[in-house]
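Written out below as structure tokens is the structure these notes cover.
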């Protein structure tokens with residue numbers, strides 16, 4: 001028995017050594033120089049693409065667009081939808097019209113469509129490469145079964161597997177679609193550097209979901225790192241509020257209520273991101289999806305949700321106009337106790353339809369693009385940068401694992417905060433610099449926990 005265990009251990013050790021030599025997925029990783037070259041390409045691609053993407057995103061969300069128009073009797077001035085327009089008089093009978101792009105879902109749809117195009121090309125190249133390599137080195141089914149290459153692809157209950165994949169993909173698309181919506185809504189209520197600094201605290205929703213949903217316990221180091229990042233992010237915001245001059249108008253114009261609403265939206269954005277990331281891990285580990293396949297189906301599902309929602313908002317607009325044209329309900333003499341509740345419900349519905357619901361979001365945004373072509377150019381450029389950045393991220397996952405991507409993402413967001421401060425001229429108080437250092441320290445601590453701590457969460 002002892003000899004048999006020794007032989008089995010030797011066989012397992014040999015398999016482990018082969019995996020270390022050939023990489024986690026069994027493919028040869030090549031020489032150290034080739035590996036470092038691929039790492040350099042991935043790092044450069046991620047930093048360049050998402051660095052310029054963050055600059056372009058801030059410009060689209062926070063800065064108004066301007067165009068010179070002629071004043072005439074049939075001018076379309078004032079028909080800007082929900083985009084708040086400002087007109088400044090100019091010479092020769094013209095005015096300078098400026099407005100912010102106020103869309104909720106169209107920017108997200110443009111980004112996922114670009115990502116679908118990128119991932120489709122990558123999937124086609126991957127399939128072609130697999131076909132060429134398979135024709136050059138054909139492996140017998142017996143050899144595949146011995147090496148474990150095809151065992152995890154075979155599932156006796158194929159329909160169950162298809163149902164599981166479909167449900168996970170639909171859920172991933174739903175959370176990804178609404179995460180982007182909540183993120184853009186938060187950016188309109190909070191300074192952009194505050195949003196970037198707070199988005200480093202993804203550990204908060206992960207810990208909450210893991211503890212209350214999955215029953216996972218987390219180490220004290222992870223909780224302290226989470227507290228550092230979260231506390232530093234809030235201090236970064238509050239020091240900026242304290243340093244702001246009392247007579248200076250706030251660019252985000254919502255007051256304290258809008259600021260707290262921005263933090264609430266940002267929290268749910270991080271929560272949705274946490275569900276999206278956990279679902280992606282499930283698909284990769286359970287169903288053995290490649291990075292290109294994950295990128296393709298994640299963006300396809302997101303595009304489907306966004307398209308359905310935009311179509312629904314277009315169809316609901318006539319019914320909303322019909323409801324708003326109805327006079328307010330008159331007092332009910334027979335049931336006076338119910339009337340206050342009916343009046344409150346009617347007021348809430350009218351407020352939702354006029355101020356909150358992005359009805360005709362697609363058609364209004366297309367009209368905005370016709371008036372401000374620069375906005376359309378910026379959205380296209382940002383979408384292409386996002387798609388290219390996703391390509392490098394998923395390539396890094398397939399080559400080096402998600403741990404490396406996590407470290408790269410934290411460093412990228414740190415650099416994006418500094419880029420936003422430098423490029424867009426944000427004033428930073430001394431206390432904010434200290435808070436930013438606290439956030440960076442917490443992010444580095446989190447990376448060290450993941451790198452040297454092994455499995456930090458311990459299930460109950």
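Note: Cβ is positioned from N, Cα and C throughout, glycine not excepted.
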If TrEMBL is the reference, give me the range from 174-193, 194-213, 334-353 marked as transmembrane segment.
194-213
Under TrEMBL, which of the candidate ranges 60-81, 82-103, 104-125 is annotated transmembrane segment?
104-125
Among ranges 32-53, 142-163, whichever one TrEMBL labels transmembrane segment
32-53
The annotated transmembrane segment range in TrEMBL, which must be one of 260-276, 277-293, 362-378:
260-276
